[in-house]
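The structure appears below as structure tokens.
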Amino acid sequence: MTLRTITLIAGPTASGKSELALQMAQEKNALIINADSMQVYDVLNILTARPREADTAIVPHYLYGHVSPTLNYSVGQWLCDVEKLLVTFTSRSVIFVGGTGLYFRALLEGISKIPHVPDVVRQKWRLLLNKEGAESLYRQLLQIDAVVAEKISSQDGQRIVRALEVYDATGEKLSWWQKQKTTPLIAPSRAEKILLMRPRALLYERIHKRLDSMIERGVLEEVVAMKKLMLSPSLPVMKAIGIPEFMAYLDGYRSFENALEAAKTQTRRYAKRQMTWFRHQFDEEWMLTS
């Protein structure tokens, strides 16, 4: 019996990951699983550059557009969905493709088993943050969990509060919980790992062309559909690049040209952050290709 192959394809936005995955999936008779935290959401088909119907008709694609934009979909939920697929398709070769580095890390290393923090505890620490300020709470964190405190800025109120609320709710330091990881779904030695990194000038050109193409394909209709849902700005889907920019255009605060240029600028910045993250976080086992 031939063992199935596991392939991971990571890279910055607009680098051509989906095209490479489709090509390899046909060669390996594999299915494709999404590893991009924005492509999981429904409605934003064009804006998040999900695979087109012509591609999904050729090769089965999973975990694309299966989550309501009203939800906050976590890496833990993604791992649960992945595990179900791996159990269902035990003998089928699989290709994971996407630009969310944390998804790949969780897949290969597991994730910390941090318990749910009750809303009353979370609210307590957020009120204290507003009342006392980040630096005051940071001094408390230094006394409670110096390991975590030394990794974050004394001005980073959100991360300071997160560490304090976990300790308050569980009696254990966040640094302790971070070591209690789930068993990885995939052993790193079992996977072929590909990091697709285009030359920066070429990548930026691809980004610009893709956004122009999105306009032609009707991306503004998706933004209108999102606007009608009247979602909280704090939801992850509302932070997708293009949503704030094009909503500002629809509301009359930006010209169309300005909104499009802003979306291109934000996408370039995002791609640069992705490239930096991949270079620092992925080891030499990832095969670099352009």
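Each Cβ is built from the backbone N, Cα and C atoms, and glycine gets one as well.
Within the set 36-39, 48-51, 272-275, the record from Swiss-Prot flags 36-39 under the feature region 'Interaction with substrate tRNA'.
Per Swiss-Prot, the listed range annotated as region 'Interaction with substrate tRNA' is 158-162 (candidates: 113-117, 158-162, 198-202, 233-237). Taken as a whole, the region 'Interaction with substrate tRNA' (36-39) shows an average pLDDT of 98 in this prediction.
Helix, strand and coil residue tallies for the region 'Interaction with substrate tRNA' (36-39), in that order: 0 helix, 0 strand, 4 coil [DSSP]. Neighbours of the substrate site: apart from T13, A14, S15, G16, K17, S18, residues of the same chain with C-beta atoms within 8 angstroms of the site's C-beta centroid are G11, P12, E19, A49, G99, L196, R206.
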